[in-house]
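Colleague: This is the structure I have questions about; it appears just below.
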Amino acid sequence: MKREILLWDETIFKDREVLEFDHMPEHFAHRESQMEALKFSVRPAFAGGRPVNTLCLGPPGTGKTTAIYKLFSEIEAHSSKVVPVHVNCQMDHTRHAIFLRIYSKLLGHSPPASGVSFKRVLDRIARTMVKENRSLVVALDDVNYLFPEKEIDRVLYTLLRAHETFPGFRAGVIAVLSEPALAYVFDPRVESVFQPEEVPFPLYSKEEIRQILDRRAQIGFYPGVVSSDLIEKIAEFTERAGDLRVGIDLLKRAGLEAERRASKSISSEDVDRAGERSRLVHLSSALKPLREDEILLLTLVAEMGASKAGDLYSRFQDSTGSGYTRFHEILNKLDAARLIDTDFTGPGQRGRSRIVRIRYDPGEVLESARKRRESGG
Ligand SMILES: Nc1ncnc2c1ncn2[C@@H]1O[C@H](COP(=O)(O)OP(=O)(O)OP(=O)(O)O)[C@@H](O)[C@H]1O
């Protein structure tokens, strides 16, 4: 008879690495049109032109960063005419830091002296690019971290108008934002040079999620560890949470739960047990793009428990001085991000008497919001 118990030195994971978020999936399904649009935007750069500015928009976990990485590795494999630089704006959120990142990528090392002036960094980048007749493509990932203090205007102005000072300098920007639309109003001097082509990244459907997770599971686990019924269950859970990362995390955690029981296969109970923690993965990614007043309203919902929209509004107005329109806008946004529920009051309950509830454990929300505030943005 086949042994069902896992020995202490055995594992059900064939390749753990594929269940990590930073794993670059070999097969990037359901994003063909977005990849085409991105390739189209950098194409002019290969012929000595300027890349087309682009804006990738979509909720967390819809493959925006993955698309950029794929694009950039293809560019690097194809030609040295184009210099692609990926900037994580959560880490590099000043113009100086971003240009240091570009400098290091282009020249292969940091500037010799720390504290070197911005002007010298820019000068070196622009002259090198012009001399080598190359084009720059800068991806500003999570660009919302550049909105406070209007840092984004300074970054775009410098990148996209540098050719006025350094003739022959060519640069394009791919901005990445975890939201369905761009609400930021640019400085007019930036707007005249930055009218990006929008590339939408919609949420994956349940079937798309199922296919993606199925493939991960095939590579990540040994055969027979996870059944197709369970993949279906995980896909449903992931669709409800609204973030593919939840599904990837759930596969991994459910696998660990099975190993804890020394079982050679994952059970439905393993998935249930892992579910709550995995759902929190969405919480931190959904908080990432939120503005200060949006986080404030979310924390009020967490603190007040199930409350009437009218009561919530009074507290919100006391703290921010904002009007009902803004309050309503944020409520809808938090609802769309699946952070709150505003709709289970039954017929006839509309407007200020709507009941608003948090979709996560309030303590977890307050803790994540605190971390998000500390990380800036
Ligand atoms: N089409 C896909 N096929 C396989 N894996 C995918 C696909 N789309 C996304 N993923 C995986 O989902 C995770 C999240 O993807 P990614 O980081 O690209 O999303 P994102 O839209 O940039 O999210 P955020 O806005 O939170 O930064 C990654 O682990 C990535 O490998």
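Every residue, even glycine, has its Cβ placed from backbone N, Cα and C.
Please treat TrEMBL annotations as automatic predictions, because they have not gone through curation.
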Colleague: Among TYR204, TYR222, which residue does TrEMBL annotate as binding ATP at the site that also has THR62, GLY63, LYS64, THR65, THR66, ARG216?
Modeller: TYR204
Colleague: Which binding-site residues of THR65, TYR204, ARG216 contact ligand 1 in the sense of C-beta under 6 Å?
Modeller: THR65
Colleague: Average pLDDT across the domain 'Cdc6 C-terminal' (297-369)?
Modeller: 86
Colleague: Mind giving me a neighbour count for THR65 (ATP binding site)? Other Cβ atoms within 10 Å of its Cβ, every protein chain shown.
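Modeller: Excluding its own Cβ, THR65 (ATP binding site) sees 21 Cβ atoms within 10 Å.
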